[in-house]
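Feature list (source: TrEMBL):
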- 1-134: region 'Domain I, interacts with DnaA modulators' (REGION)
- 117-144: region 'Disordered' (REGION)
- 210-338: domain 'AAA+ ATPase' (DOMAIN)
- 221, 223, 224, 225: ATP binding site (BINDING)
- 398-520: region 'Domain IV, binds dsDNA' (REGION)
- 425-494: domain 'Chromosomal replication initiator DnaA C-terminal' (DOMAIN)
Ligand SMILES: Nc1ncnc2c1ncn2[C@@H]1O[C@H](COP(=O)(O)OP(=O)(O)OP(=O)(O)O)[C@@H](O)[C@H]1O
């Protein structure tokens, strides 16, 4: 019985399995005489012919070829939103076009450009040896380096960074990084509620379920993994010794696909049902009908037997459109908490703590407080960028002992450039759209429902979603306290209109240009 199920599952989960076997799969090599760009050019032509010029311009105009290795093609786009939009709606089509052009291609991946351009710098704190000691078989390094997982040291060890394993380990799953604890987590207004919920769960005894599931969401690099691992680290080292499993969604998929292939899915399912605390990171990456089905069963079993589940993703549960509706609905049944960007005080504190940790290993290390403060003021996007800035400074100071503020600016220009000052702001979008349609910004965020205001408002919401990393609820708040479903509706409506109305499509493209120029 298990064999039959597994055989069926194997067929359905094939794409997942293949994704994780890039290094060992015997696949036909892509012909060497074919230039990658030429192939990509042909794929774009076919794609345009299939979806029409307007849709193509709206969604694929900024699609670029990132890399081409054996059977995997990686494409890049500038925003997470575009990535998820294209992945959810067009990835199958793009894959089939690539395969029609070149049958050796097994998989197409979409990456977010900024993440692939700025891999996390090698930390002074990481040891190269540790990268050799991956505790479990892992997906190929090439997949990791190309994915948004860059810098996620606590999940899959990569060549760029590796975790410091915890002394206490969870049952199985992704390794925990011992540095990701509540003690090293900086608290502030943007994460206070999430942190309180996380502490409560880590401290609760078995069965003392409070918020179930707890769903934490935020933009990239804002501390979700750190918080999730802090829960796991605290729980596994507590006297109660609950059975804890921490997994990224990708690791969950890989474990399942491997278990199905090896005919031991039942054992895996049994071991997962017998736990006290399940923590899943990067939920947005859970794919595949069969795998989602298995996840749904697991979720139901754990929730129904009052076992705690904690999930994190880069967006709210109701925005996880690629998820099976049953999974989404169970995830929505708990408590969802959004974390926002850290403020200056939090950023300064994060840098200070990093310096203190580095000084414990080398007391001679020092970075003047005015430089820390300057960096905290200017590198404003995320904890990950701050970490990159800090490592850069530490590295530089070993051979440039007296760094001036100007030199710091020079060294960190790439990070400052992506900071809040240069990021597209919702206020600018509202101002530019309002001016274009001859309405006031106040009207855009007001309750007025006349046609002359509704359409520009919907366009502004659509642009806010496509040009900024803000979530639907956050955009709703910035548009006069509207509900997230109103924003979702506006984005869908404008997308539909654009695909059938070339005049509107040009208008929106023009607005995008104006906003980007304003921001240049
Ligand atoms: N509040 C915080 N206190 C201390 N460190 C933080 C905090 N927030 C983020 N960081 C640090 O920033 C880096 C990135 O954080 P983390 O990987 O947890 O982000 P994430 O939200 O999971 O990112 P992604 O969306 O890419 O999965 C980590 O080194 C983490 O320790």
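Positions of Cβ are set from backbone N, Cα and C atoms, glycine also.
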Predicted model, mean pLDDT over the region 'Domain IV, binds dsDNA' (398-520): 84
For the ATP site built from 221, 223, 224, 225, further residues of that chain with CB within 8 A of the site's CB center: 218, 220, 222, 226, 227, 312, 382, 383, 384
Cβ neighbour count (within 10 Å, all chains shown) around residue 225 (ATP binding site): 25
The domain 'AAA+ ATPase' (210-338) - residue tally per DSSP class, helix then strand then coil: 65 helix, 24 strand, 40 coil
For residue 224 (ATP binding site), nearby residues of its own chain (Cβ under 8 Å, 6 or more apart in sequence): 216, 217, 218, 281, 312, 313, 339
